[in-house]
Amino acid sequence: MASTAAFLSTLAGSTSLGGATPASGGGSGRSKTARFLRRRRRGGAVRAAVSGTEQAPETTKKKGGGGGGGDERVVQVHSAEELDGALRAAKERLVVVEFAASHSVNSSRIYPCMVELSRTCGDVDFLLVMGDESDATRELCRREGITAVPHFTFYKGAEKVHEEEGIGPDQLAGDVLYYGDHHSAVVQLHSRADVESLISDHRGEGGKLVVLDVGLKRCGPCVKVYPTVVKLSRTMADTTVFARMNGDENDSCMEFLRDMDVVEVPTFLFIRDGDIVGRYVGSGRGELIGEILRYNGVKVT
């Protein structure tokens, strides 16, 4: 089975690296960022702005609906009790729930992508709720606030971390990569101590450029750019180390963001020999690649 990161970064990357060019300032090509926190006195409340954008219990597998053979890893649930049980059983694994309807053409169109992801991403659980199946599923949709289908909700530790509706295969794959990536070369950082340890490993002669991707759990632009980060972590492995941190994961991460004066996400910090030598704020693929090349000493025109 191919790794989650390798498959998803290929599927989600709608723009090839070879064709990426730096965006010019202003205009429609400008990258997006999520306004995230304002500078204020230490101890003040931080308001995060969401940018526009063990096995599960035995249950009935989805039948029909465009699935056919090979969709046995997409598990259909029929009630709130079944969904809650599946979320508890998953523990810290990512769970992706599609809320669909039998009459929805768009639900049928996106389902093959869901099946393909379930085959490849062995560390992610995929569940399906047919909202018009019964009174129990209609009540579950009301509880979860589902007003349109297909609607995708992402859970970790039984906590809702992200949701989308009306999306296509590329965005679904990108979302699964962002919230479920544990296998790529991107180093996952969970505290200030993790950051300091990584920086220490790359001090002195032979040390690599460290690119730290700082984001939030719920951030559209952060999700958008992450497949590019995964690709770069492989193609630039000889010269550059890529890492990421979600500022809202815990108090240590949030304190680190404040100390680094991060006020918008995604922010990329470029660290060389223990010093922050620059930063890029935004989600533009071409702009990000150009900045990384520049801090690696490559002349960019």
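The backbone N, Cα and C atoms fix where each Cβ goes, and this holds for glycine too.
As annotated by Swiss-Prot, active site, nucleophile applies to C219, C222. What Swiss-Prot records for 32-44 is compositional bias 'Basic residues'. Summarising the annotation, Swiss-Prot assigns disulfide bond to C219-C222. Residues or ranges marked as domain 'Thioredoxin' by Swiss-Prot: 50-285. Residues annotated as region 'Disordered' in Swiss-Prot: 17-73. The site 'Deprotonates C-terminal active site Cys' annotation in Swiss-Prot covers D213 and rests on similarity to another entry. Per Swiss-Prot, the feature site 'Contributes to redox potential value' maps to G220, P221. What Swiss-Prot records for 1-47 is transit peptide.
Counting neighbouring Cβ atoms within 10 Å of each of the active-site residues (C219, C222), the lowest count belongs to C222. Annotated pair G220 (site 'Contributes to redox potential value') and D213 (site 'Deprotonates C-terminal active site Cys'), C-alpha to C-alpha distance, rounded: 14 Å. For D213 (site 'Deprotonates C-terminal active site Cys') paired with P221 (site 'Contributes to redox potential value'), the C-alpha to C-alpha distance reads 12 Å. DSSP gives G220 (site 'Contributes to redox potential value') a helix state. With every protein chain in view, the residue among the recorded sites G220, P221 whose Cβ has the most Cβ partners within 10 Å turns out to be P221. The average pLDDT for the domain 'Thioredoxin' (50-285) in the predicted structure is 89. Under the DSSP three-state reduction, D213 (site 'Deprotonates C-terminal active site Cys') is assigned to strand.
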